[in-house]
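Quick look at what Swiss-Prot annotates:
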| type | residues | note |
| --- | --- | --- |
| MOD_RES | S2 | N-acetylserine |
| MOD_RES | T11 | phosphothreonine |
| CROSSLNK | K12 | SUMO2 cross-link |
Amino acid sequence: MSHTILLVQPTKRPEGRTYADYESVNECMEGVCKMYEEHLKRMNPNSPSITYDISQLFDFIDDLADLSCLVYRADTQTYQPYNKDWIKEKIYVLLRRQAQQAGK
């Protein structure tokens, strides 16, 4: 498990920047999914349930002004930066694994 910091800038306005920290990369990726789900709930307040596919999630990520991760590396005792493409790849792997486990 590597401590992970998620940096989020929803719009071009720098005062909207925020961050969240997680105990692992997977927890962070789940946090990104939850952030999108909260966005969907705000956009559809009267909907009893929220459903989406991965392409919609990726479009949401692409529409953010900035989204990046800093992942702690114990070997160098530094944080390694990662961009949106890396985040989308990790989310894809996480969701595919969850779908496979649900199908068992």
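Cβ from N, Cα, C; glycine included.
Long-range Cβ neighbours of the residue listed as 'N-acetylserine' (same chain, at least 6 residues apart, Cβ-Cβ under 8 Å): S24, V25, V71, Y72, R73, A74.
Spatially close to T11 (phosphothreonine) yet at least six residues away along the chain are A65, judged by Cβ distances under 8 angstroms. For K12 (SUMO2 cross-link), applying a Cβ distance below 8 Å and a minimum sequence separation of six or more within one chain yields A65.
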